[in-house]
Amino acid sequence: MGDEMQPRSYWRWSKHDFFPGDSFQNWSAYRSALSQTFTRLKERVASRSEDADEIVELRKESENEMKRCLSWWDLTWFGFGSVIGAGIFVLTGQEAHEHAGPAIVLSYVASGISAMLSVFCYTEFAVEIPVAGGSFAYIRVELGDFAAFITAGNIILGSIAGSAAVARAWTSYFTTLLNRHPNSLRIHTNLIDGFNLLDPIAVAILAITSIIAISSTRRTSYFNWIASAVNMLVISFVIIAGLAHANTSNLTPFAPHGAKGIFVAAAIVYFAYGGFDNIATMAEETKNPSKDIPLGLLGSMSIITVIYCLMALSLSMMQKYTDIDPNAAYSVAFQRVGMKWAKYLVALGALKGMTTVLLAGAIGQARYATHIARVHMIPPWFSLVHPKTGTPINATLLIRVASACIAFFSSLDVLASLLSISGLLISVMMAVALLVRRYYVRGITPRTNLLKLSFFLLVIIVSSVGTSAYWGLDPNGWLGYTVTVPLWFLATLAILVLLPQDRTPKVWGVPLVPWFPSLSVAINVFLMGSLEAQAFIRFGICTVVMLIYYIFFGLHATYDMAHQPKKPTTSRILEEDMGSARA
């Protein structure tokens, strides 16, 4: 009661703040917990959270509330700020040069469709469950604790590696602005290739954007408006000036490496759409989630998809794909068509875009980490919200310090494909979670319907994997698709015809269910299968590390959290969220 009556200091470092559960009180308790690993794992795999727990109970773990200060206008600009950055300015040239050629525009169309299908799923969940946890919270509710851990691991991996990749790209464009070689400001070492160029500038920009994000969400939003508006002006210039110097002969051959090259590039440039999920994590700070989140998410992503396609087309028409510079494509392209001064404007715009990506990322990634810490998958010290700033300082530091360490050593090409796998896997799980949410409600859905749903979902996933695998084994074949595609279609049709929807969204919902979520599964799995083997090896190593962490810490911490007595309900939080939902 004393702790409840007297607010504790934010800056505290006790063992209880990091390891509060019974399993970690002493070595004897920990050995006892390890002996129950299998039993606890079975329970965690089967357990699922409730909407009310995510919205109300878990927020108490942060001790202080985040400030509701964002409107749909803020979220739309955060959408631009979160997404438009290193991806379009760096990966476009890289993938056009190496895989897709002028057909890079089709790669952006394919990955854009995939991203938009995921956006639909995110939007429905964010309106129904307006919390900082984003996809982690949604999957925890629908697919259970263990599936949520896999999501959490990939979110944190993507957050750390994503920020590092953007920071490295920031350095490359900064040197272009100074009219120097992209690697001229990096420290050259004798380490292995891909890790031998140390980047202190990337560390510095991560630190600066983190400080801004920590200070105030509202202040960060103002800064994001200005920087994103400047970036949009530069992008408009790139598109118009690029098309003005277009040479249609540069579009031939349109797809030099065929369809395989298009989809390999699509899987990698999916990273360029990464960041839209940051908007969903801002739900706790949104004034009216039911209206503001759909407008902010769908509006910004629709415009971004069109912008990406136009930018890719302008680059392909301005320069032959074999001559595109993979490191600073747009700057070099303008230089070669006689607009030497334009490369500085492009570099400045790219810097602005990547700065807003890092800034918006610092906010979204920290909110993810905050909610993950609320359920004790990582130490709950990272869930604390500062009483004055209303921001999760500890969670921000967790992601950004780790990102700085990665950015100091690793090159962009090492990070991009790994990021794409994490993002695509989470999108697949989100689509599955949406189907489960619509067709299964505990206590209402008959067991026979649950078994049917499970079977149809399994067929959808397996047929999607089969399509992707056949594509990888025989890109020019067609026989395998006569089996996998009809199986996917029939399983989706069976859900539509044979199963009733036991839950309908209260305010906003994904259209054409189950077709849109099922198509999202198929496209995302297909894009994952288009990535190279090296990306899966790196991802596999990261997954093994995640599972080791879960067995020795995350499993027991979340088990203790689930079995502790619930705190008294905070009625004000519940009333605020119910009011937002009604609005």
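Each residue, glycine too, has its Cβ placed from N, Cα and C.
According to TrEMBL, the feature domain 'Cationic amino acid transporter C-terminal' maps to 508-557. Counting residues of the domain 'Cationic amino acid transporter C-terminal' (508-557) by DSSP class, helix then strand then coil, yields 40 helix, 0 strand, 10 coil.
Taken from TrEMBL, the feature transmembrane segment applies to 69-91 (among others).
Sequence annotations record features per position, and here TrEMBL assigns transmembrane segment to 103-125 (among others).
Annotated transmembrane segment per TrEMBL: 146-171 (among others), in sequence order.
Remote same-chain residues near the transmembrane segment (191-215) are listed as 163-164, 167-168, 170-171, 174, 183, 185, 223, 355, 358-359, 362-363, 366, 389, 391, 393, 396-397, 400, 403-404, 407-411, 413-414 (criterion: CB distance under 8 Å, separation of at least six residues from the stretch ends). Under the heading transmembrane segment, TrEMBL lists 191-215 (among others).
Long-range contacts of the transmembrane segment (222-246) within the same chain, counting only residues at least 6 positions beyond its ends with a Cβ under 8 Å from a Cβ of the stretch, are 74, 77-78, 80-81, 84, 212, 307, 310-311, 313-315, 317-318, 330, 333-334, 337, 339, 342, 345-346, 348-350, 352-353, 355-356, 359-360. Summarising the annotation, TrEMBL assigns transmembrane segment to 222-246 (among others).
Per TrEMBL, the feature transmembrane segment maps to 258-276 (among others). Beyond the transmembrane segment (258-276), the same-chain residues lying 6 or more positions past its ends with a Cβ under 8 Å from any Cβ of the stretch are 79, 82-83, 85-88, 91-92, 94-96, 99-101, 103-104, 106-108, 110-112, 114-115, 118-119, 122, 158, 162, 165, 297, 300-301, 304-305, 308, 357, 360-361, 364, 416-417, 419-420, 423-424, 471, 475, 526-528, 530-532.
Marked as transmembrane segment by TrEMBL: 297-318 (among others). Residues 72, 75-80, 83-84, 88, 92-93, 96, 101-102, 104-105, 107-109, 112, 115-116, 119-120, 122-123, 126, 235, 238-239, 241-243, 245-248, 250-251, 272-273, 276, 279-280, 324, 329-330, 333-334, 337 of the same chain sit 6 or more residues outside the transmembrane segment (297-318) yet have a Cβ under 8 Å from a Cβ within it.
Marked as transmembrane segment by TrEMBL: 344-368 (among others). Tertiary proximity for the transmembrane segment (344-368) is limited to same-chain residues at least six positions away from its ends with a CB under 8 Å from its CB atoms, namely 66, 78, 80-86, 88-89, 132-134, 136, 152, 155-156, 159, 162-163, 166-167, 169-170, 173-174, 176-177, 179, 205-206, 209-210, 212-214, 217, 220, 223-224, 227-228, 230-231, 233-235, 237-238, 275, 277-279, 281-282, 284, 328, 330-331, 334, 391-392, 395-396, 398-400.
Taken from TrEMBL, the feature transmembrane segment applies to 415-437 (among others).
As annotated by TrEMBL, transmembrane segment applies to 478-500 (among others).
Per TrEMBL, the feature transmembrane segment maps to 507-529 (among others). Within the same chain, residues 110-111, 113-114, 117-118, 120-121, 123-124, 127-128, 263, 266-267, 270, 290, 294, 420-421, 424-425, 427-428, 430-432, 434-435, 438-439, 460-461, 463-465, 467-469, 471-472, 488, 491-492, 495-496, 501, 581 sit at least 6 positions outside the transmembrane segment (507-529) and bring their C-beta atoms closer than 8 Å to a C-beta of that stretch.
Here TrEMBL flags 535-557 (among others) as transmembrane segment.
Outside the transmembrane segment (146-171), and at least 6 residues removed from its termini, the chain residues within Cβ reach (under 8 Å) are 41, 44-45, 49, 85-86, 89-90, 134-137, 139-140, 182, 185-186, 199, 201-203, 205-206, 271, 274-275, 350-351, 354-355, 357-358, 361-362, 365, 368-369, 372, 375, 377-378, 399-400, 402-404, 406-407, 410-412, 415-416, 418-419, 422-423, 425-426, 429, 542-543, 546, 549-550, 554, 558.
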